[in-house]
Amino acid sequence: MVFYTHAGCTLVALNPFQPIPDLYSLDVMKEYHCAPQPQEFKPHIFIMAEEAYRNVRGQLEPVNQSLVVSGESGAGKTWTSRCLMNYYATVAASSSVLKSQDTVERIERRVLDSNPIMEAFGNACTLRNNNSSRFGKYIQLQLDRCQLLVGASVQTYLLEKTRVACQPASERNFHIFYQVLHQTQKSHVFRVRCIVWFVFKDSFVETMDAMVHLGIDKEKQQQIFRILAGILHLGNVRFSPSTDETQPCNLDEKSKGNASAELLHVSAEELLTCLRVRTLKAGKQSVLKPCSQAECSVRRDCLAKVIYALIFDWLVTFINNSICADRSTWCNFIGVLDVYGFECFRINNLEQLCINYANEKLQQHFVAHYLRAQQEEYVSEGLEWSFVKYQDNQSCLDLLEGSPISVFSLLNEESRLNRASDARTLKLRLEKELCGNANISWDRFSTVPHFTVAHYAGRVSYQIEGMVEKNKDPVPPELISLFQESENLLLHQIFADKEAQNPTTKGLGKVTVVSKFKNSLESLMKILHATTPHYTRCIKPNPDCKPMTFKKEEVQALTRALLCVAPEEECVTFVLCAAVRSSCSWRLVGLWKLFTSVLLAFQ
Ligand SMILES: Nc1ncnc2c1ncn2[C@@H]1O[C@H](COP(=O)(O)OP(=O)(O)OP(=O)(O)O)[C@@H](O)[C@H]1O
């Protein structure tokens, strides 16, 4: 059985959905690391890892390397990233090298220990993957002048924090909640799915060990777990409308005695008031306005999401402080990028828009790199090179992020206006301003406000309802002020820097989810442009995550999309252009050969 194959400059990895004995053993690592010409060996993720490692040693510009791992959910990106990290933690170990697995210690151990913590807090069981990463990450492995691993740093992208408050049907919250619950013997939650139960049982010990290794002491652990318990209890606070509209919503007895305030170390009375009453500022005067039942629930969920996201950020910062080497001690780095794949669900909203936008950006980077590599190959062989019409996604990117008018600019404008959002208003603006763009369309017969974007990997319809609110991501300022006074030291610390943004703040100054995401993605693209990229495309061979099951049609469709030859006619265009322009008949097969070779390799 073949699990890896090369497709031009890309490595294609097929997920076997079961551990394959000896595929990633220490001996195999040694073999690839010590081989004079590893590329002559069977395709493997270690070839790519070793190539990047040798590039650093060779000091050819750009010396820093990026390993970009992509693919749909469940395709094996996180697994592959872990393999890469294990490889470097072993072959570039600054302690004794390649003796046994035990030599992976000190900094190498700590770098690897960042994985279980981030997976516990950032991964969840979804319909597509039992251990799905709900955030993107770029891990920079720092090497000294002898190419030894001396540190690492992690940059994360867009945690799916909405999952804290609500999960799609048959999906779960972040793993850590189940791990903690199991530990406190409240395992009734898992009775339905005992397999998953055992996974959590083992994982909690792993998470705790990793926390200890990284230096998260008992006291901090206690604070974290209290906060997690507080978030869970917060979810049980229920509101019902008051008969008198001038009064705050009612709370049932259970909600009044809710343990969240005690666990989060804030005054119960103040917490319940802040959840139900808004403070409006008019000049120097403050006016108290009771919230509707729906608004109270939004405020409660918003609080749970913001606390969780801040804890996640705190953990990432803590991990970085623990594993990041002093700048004077490292000279080069190898970055591993594990980002969410292209998403298209029955209902898509802002999260999918951001994720698919990130995929468009990465696709553009991949295509530019692919064409450059082809061009260099042609030139080195003395062949004429002309630009080949290739699946260009620039127009889709212009539609999403272009200036002055784009989906993002209109969404941000709408989000920065100081009024309640209205899906129809945004829809009308999008239609009016962007109707000339061929990459956006609307189903005239649909009654649900939406817009459809023609992405490189397919068309996706985005629901507009709720999009502006999600983009604003408002946190009630009263709640921020309350938690800045929390007696839980960790909560106090994570809220300390959070500015209580006045809801009446207008204009460009307002940070939105999209503006933040776009900025972090731009920084990432800058890093990618300044490094030598290596692409691994992971393929999920069947939708049900079944071990050793290969569905040909599935792989065919995925391979086509991953190699960016989505519609077959485009592929033909590419092939013909290449042939005519370069007058080189054997190149006729170009990309098409790549496509079929990938399929053949896995059969
Ligand atoms: N090379 C491999 N060998 C054995 N099992 C694998 C391999 N790659 C992936 N798997 C299995 O497939 C599952 C899904 O892989 P993984 O979590 O890495 O997917 P992903 O692409 O990161 O998904 P998501 O985007 O949802 O986070 C893993 O939990 C693991 O069980």
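Glycine is no exception: its Cβ is also placed from the backbone N, Cα and C atoms.
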Name the residue range among 406-428, 429-451, 521-543 that TrEMBL annotates as region 'Actin-binding'.
521-543
Who are the long-range neighbours of the region 'Actin-binding' (521-543) in its own chain, taking Cβ under 8 Å and residues 6 or more past its ends?
7, 9-15, 17, 45, 48, 51-52, 55, 62-77, 80, 128, 138, 155, 157, 335, 337, 357-358, 361, 365-366, 369, 549-551, 554-555, 558-559, 562-563, 602
Excluding Gly71, Glu72, Ser73, Gly74, Ala75, Gly76, Lys77, Thr78, which residues of the same chain place their Cβ within 8 Å of the centroid of the Cβ atoms of the recorded ATP site?
Asn15, Asn129, Gly341, Cys538, Lys540
Tell me which binding-site residues (Gly71, Glu72, Ser73) have a Cβ under 6 A from ligand 1; sequence order is fine.
Gly71, Ser73
Lys77 (ATP binding site): secondary structure state under DSSP, collapsed to three categories:
helix
